[in-house]
């Protein structure tokens, strides 16, 4: 049975995440106005977003993404290592997190820091998480996808409820410094998403530079880049049979859910996400 770090009723994997760090993030960490924060629920495409943002910052030059690990370029604030790196870093910081809104640094909400929040169809998040967590030693293994569907719908998974995570962070969607992105839109029109991020960050890139960002952030290139594919961490034996990047597709859940599982999921989704405008989510 894997160890969990429990904080405010939510389980986190114990690999590099301590209660002390989570408390420090929540109550002590000071967000600076020039920081850029990348947020998403786990298995929503966070690393793809990091890669795109890093390449925008270098105008498509791949040297940085090919020589520095992705968790050093944009440290995970809830990890012990990431937190220590971020509090020592001078100047603008690139910060990544899967934390729910109520556990994030309170200082964010009085700062002018920019936030990019990435959302993915929770059904695909679920299937991706089922394979990822199930093939690692970080989380309890479900005996079937059906069991994992039950856990997910109740929020009994690492980082807690998808529904609560989304509802809370989306309350910021009208803020000027908040950019909402959907994984499905990123897949459908990656260049359009890259341009949207450039506009949000006030970055002007030439057409050839945009092409380089697109090229070096592709799924295949990322999968082969040891600085971005987490192969260096895989060697620590926390993952047994699967890499971080499995498919990266849209709609894979249809190959896994039974009709009754899909119906049960739809029922909970409608209940939990009531109140959002029609057409809010691109997968509806």
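For all residues, glycine too, the Cβ spot is worked out from N, Cα and C.
Marked as active site, proton acceptor by Swiss-Prot: 98. The annotation 3'-phosphoadenylyl sulfate binding site is assigned in Swiss-Prot to 43, 44, 45, 46, 47, 48, 120, 128, 183, 217, 222, 246, 247, 248 on the grounds of similarity to another entry.
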Minimum Cβ neighbour count within 10 Å among the recorded positions 43, 98, 120: which residue? 98
Within a 10 Å radius around the Cβ, which one of these binding-site residues has the most neighbouring Cβ atoms: 45, 47, 183, 222? 183
For residue 120 (3'-phosphoadenylyl sulfate binding site) and residue 98 (active site, proton acceptor), the CA-to-CA distance in whole Å is 13
Could you state the CA-to-CA distance between residue 222 (3'-phosphoadenylyl sulfate binding site) and residue 98 (active site, proton acceptor) to the nearest Å? 20
